[in-house]
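Quick look at what TrEMBL lists:
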type    : residues                                                                     : note
BINDING : A:K90, A:P91, A:G92, A:S93, A:G94, A:L95, A:G96, A:S97, A:S98, A:A99, A:A100 : ATP binding site
DOMAIN  : A:68-149                                                                     : domain 'GHMP kinase N-terminal'
DOMAIN  : A:209-278                                                                    : domain 'GHMP kinase C-terminal'
There are 2 protein chains.
Amino acid sequence: MPNNTVTLNCPATVANMVCGFDILGMALNDPFDKITISLSGEPGIRINHTDEYHLPTEPSKNVAGVALLEMMQSIPEPVGFDMTITKNIKPGSGLGSSAASAAGAVVAANELLGKRFNDADLVRFAMAGEKLASGVKHADNIAPCIMGGITLIRSIFPLDIVRLQAPPLFVTVVHPQIEVKTADARQILRKEVLLKNAIRQWGNIAGLVAGLLQGDYDLIGRSLEDVIIEPVRSILIPGFDQVKQQSREAGALGGGISGSGPSIFMLSRDKATASQIAGLMENIYERLGIDYKTYITTLRTQPLAG
Amino acid sequence: MPNNTVTLNCPATVANMVCGFDILGMALNDPFDKITISLSGEPGIRINHTDEYHLPTEPSKNVAGVALLEMMQSIPEPVGFDMTITKNIKPGSGLGSSAASAAGAVVAANELLGKRFNDADLVRFAMAGEKLASGVKHADNIAPCIMGGITLIRSIFPLDIVRLQAPPLFVTVVHPQIEVKTADARQILRKEVLLKNAIRQWGNIAGLVAGLLQGDYDLIGRSLEDVIIEPVRSILIPGFDQVKQQSREAGALGGGISGSGPSIFMLSRDKATASQIAGLMENIYERLGIDYKTYITTLRTQPLAG
């Protein structure tokens with residue numbers, strides 16, 4: 001075995017990417033959690049948090065723990081892990097906090113075990129953590145967290161993940177400090193949608209994929225439209241419409257709700273625009289009197305394990 | 001003006017391409033109609049058919065005529081056209097017969113007029129012909145007919161057409177000689193769809209676009225799945241399930257209903273497979289006692305006007 005201790009920076013991720021509900025996600029270079037795992041002679045999992053979030057440390061109640069437990073079911077010999085997690089991605093931010101913990105734990109553990117599992121295995125293990133966090137096994141944060149870049153979940157059962165090439169993208173994120181539970185955000189969605197809206201949505205997702213693969217920023221921008229989820233969910237996020245409109249006016253390609261919110265992300269083709277957008281986001285939430293945090297970052301292209 | 005007479009071979013097209021209902025279409029090298037247009041000193045449109053289909057020759061009742069009339073509204077000076085149409089694409093086949101007439105007429109006329117209109121203009125004019133044929137202005141046959149290759153209609157209002165690169169594709173088509181009217185095929189669709197099916201569909205359309213642009217035949221094959229339209233429409237086409245299943249077993253990447261049917265298309269990566277599929281299609285319709293026509297052809301990449 002190559003190492004006795006592995007430390008990974010586990011990136012935040014933006015699921016859905018406006019028109020790709022439940023199928024698209026992208027990794028960011030900032031913020032990120034830090035996970036350190038060591039092999040231990042004592043079987044089982046011990047979790048230590050060095051952050052302010054008071055997350056459970058009992059493995060079966062911790063997303064990283066649950067993901068590791070899932071992985072250990074595929075390991076015939078007894079193993080033990082000591083894990084230290086420092087979270088910078090706030091739980092409930094819509095930035096893939098639970099995915100960073102779950103993915104980070106299994107990827108780091110896999111490094112310790114000599115990389116015996118492939119990416120698809122690791123995504124499957126980590127999805128057990130997502131199930132604990134949100135009640136649903138989804139991979140649209142897990143996959144980009146593990147593989148980097150932008151990933152398409154073409155199908156979840158059976159799992160079919162496609163890594164999509166993309167041109168350089170600057171990303172501005174604002175996290176208004178309000179609570180939107182993923183489970184609640186999912187519950188308010190209608191179970192049926194108008195066929196004509198679905199057609200519009202699949203035109204946009206097709207346009208977004210083509211724009212990413214062809215490096216066509218204008219097409220990316222035109223395709224960043226969501227006529228199904230955003231109109232319902234954005235009501236839960238004060239300031240959403242202003243952020244979106246002013247960001248577009250400032251030159252953003254487009255953007256929308258990150259995951260199930262409340263964070264909002266905007267894509268730009270240059271850093272100056274991304275910075276300007278952070279400024280206007282800050283102004284909006286200052287005026288609304290809501291605490292916030294902003295990030296000016298980029299699409300992270302490298303995978304979680306080097 | 002460069003010429004007084006233009007003759008074009010106007011290709012058949014496959015709309016929808018399984019998971020891209022109303023947004024995707026591809027041009028075929030066979031079958032095709034032949035349209036010859038001459039400028040005439042006498043204003044107005046005169047239409048002559050040299051085929052067996054007894055289509056109306058009054059311009060306002062003829063799809064090619066209506067498309068030309070639409071175009072003439074954007075031409076300030078009085079113009080006259082004599083048009084001879086030889087159709088090989090049977091009306092009602094689901095192979096874009098009306099699109100070939102409408103697109104061929106306006107593209108040929110545009111050549112005579114020194115190419116004063118661009119592709120987007122020509123698509124708009126030709127859509128008037130589609131409206132006459134099916135009651136709906138759609139561009140998923142018109143766009144690939146005019147531009148060649150595979151086209152994405154990201155949005156119809158406003159019109160946003162994206163040409164998608166694709167690897168070489170062999171196409172086998174069977175046209176069972178039964179009648180399925182586009183308007184009827186549209187009417188049996190439900191106006192609402194389950195969100196979970198819509199998600200599956202947009203995963204597939206995203207996968208298909210990625211597969212085409214990345215030249216990934218396996219991904220193309222996995223993505224050729226339609227959980228919304230095909231289960232309803234395929235009931236109108238005897239032999240559909242057998243054709244699909246046996247074609248997959250014979251090595252087809254996949255396929256499904258061409259447009260609103262009754263033609264069925266299958267994609268393959270080599271000619272031997274495409275030929276074998278034509279044979280099994282013929283066997284199926286022989287056994288069913290239904291007249292049929294098969295085509296073994298390829299994705300047409302060149303645009304309608306050279």
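Glycine is no exception: its Cβ is also placed from the backbone N, Cα and C atoms.
Positions of TrEMBL features highlighted on the structure.
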residue	record	Cβ within 10 Å
A:K90	ATP binding site	18
A:G92	ATP binding site	21
A:G94	ATP binding site	30
A:G96	ATP binding site	31
A:S98	ATP binding site	26
A:A100	ATP binding site	34
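Secondary structure of the domain 'GHMP kinase N-terminal' (A:68-149) per DSSP (helix as H, G, I; strand as E, B; remaining residues coil): 43 helix, 7 strand, 32 coil.
Within 8 Å of the centroid of the Cβ atoms of A:K90, A:P91, A:G92, A:S93, A:G94, A:L95, A:G96, A:S97, A:S98, A:A99, A:A100, where the record puts ATP, the same chain has further Cβ atoms from A:A12, A:I89, A:N141, A:G259. Secondary structure of the domain 'GHMP kinase C-terminal' (A:209-278), assigned with DSSP and counted as helix (H, G, I), strand (E, B) and coil, comes to 38 helix, 9 strand, 23 coil.
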